[in-house]
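If you look up TrEMBL, you'll see Glu224 marked as active site, proton donor/acceptor. The Zn(2+) binding site annotation in TrEMBL covers Glu158, His176, Glu224. As annotated by TrEMBL, domain 'VOC' applies to 104-228, 234-358.
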Amino acid sequence: MVRILPMASSIRPSLSSFRSAAAAGPPSRFAAPFASPSHNSCRPLSLLHLGSVPQSLSFGLKASKLLRGEGSSTAVSAAGNIAQASTAATEENVLEWVKKDKRRLLHVVYRVGDLDRTIKFYTECLGMKLLRKRDIPEERYTNAFLGYGPEDSHFVIELTYNYGVDKYDIGAGFGHFGIAVEDVTKTVDLIKAKGGKVTREPGPVKGGKTIIAFIEDPDGYKFELLERGPTPEPLCQVMLRVGDLERAINFYEKAYGMELLRTRDNAEYKYTVAMMGYGPEDKSAVIELTYNYGVSEYDKGNAYAQIAIGTDDVYKTAEAIRLSGGKITREPGPLPGINTKITACLDPDGWKTVFVDNIDFLKELE
């Protein structure tokens, strides 16, 4: 649903430093194919612009006026304390709201060099369904949505083909997509029969028992096949590399309202992963953040674009992102020409996310 643009592109963590897991509709109406990623066509809005001034802040302003009238330095100090307390209360309310917001991963967006070739590979080899396709000749691009179920309930892939562009740089920051299958070996055999590229034969994951394999699609995107029982969400992972894992975890929890599901450190291969999401891994799609010891930055290339997440309020979402240190690249508000409200941002590592109003998204699907 979101057509986006390429993004530009520590200390070694230990598991003890982490908290325990227990304790965009029409494609890129969000951005033109290769334009600037920052589209501020709508007037910037803050949370306070949504309605009347919060009562606590109103009281703070009134108290400040009264105290200034007394001309007392003590009064001025008290007024400042009231204002600070009011601001802190507002921030706390916004960040608490994030935890209660109805959010889920909607789709992941990336670019391919031959749309028909990719659709054929995903449907014949990976068992996906082509959900919809739309061509925008005036803007010279085509989108295709594929997945294992309808967009109103499943995490899906949005492919973007820009006319005349047959190759992209995937970069080193993007890792892979994860797909849960009931029999990894049979799936790999099918992929081989169709001429697909297998980069890691089926076998148990290092240090564990889960059977996995790795393949590449025609554009070089890696897919990890994970052997699992029946699941409502076969498209189950997006892996991104980050330069500071603890910073990333804190941001995804605070700004995105995700839960840290688990972490795993592999000292032998010098990396640590953290699974973040809105539900358990066996039932929901998750983001796998990977930290490679000593690597703080990655080249992101221009192939992978973004993830879209549903929200009940893009204005509050943008405010929470700002409070959490994220960068807003598209101010919250409706897209030109339609009523779908979105906001877009970058996380501390420069990975882009677009938040889409839940009700507007469902209307678009209709």
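Every residue gets a Cβ built from N, Cα and C, even glycine.
For the recorded positions shown (Glu158, Glu224), fewest C-beta neighbours within 10 angstroms: Glu224.
Sorting the domain 'VOC' (234-358) by DSSP state (H, G, I as helix; E, B as strand; all else coil) yields 21 helix, 57 strand, 47 coil. Cβ environment of His176 (Zn(2+) binding site): Phe214, Tyr221, Lys222, Phe223, Glu224, Gln237, Met239 lie under 8 Å away, each six or more residues apart in the same chain.
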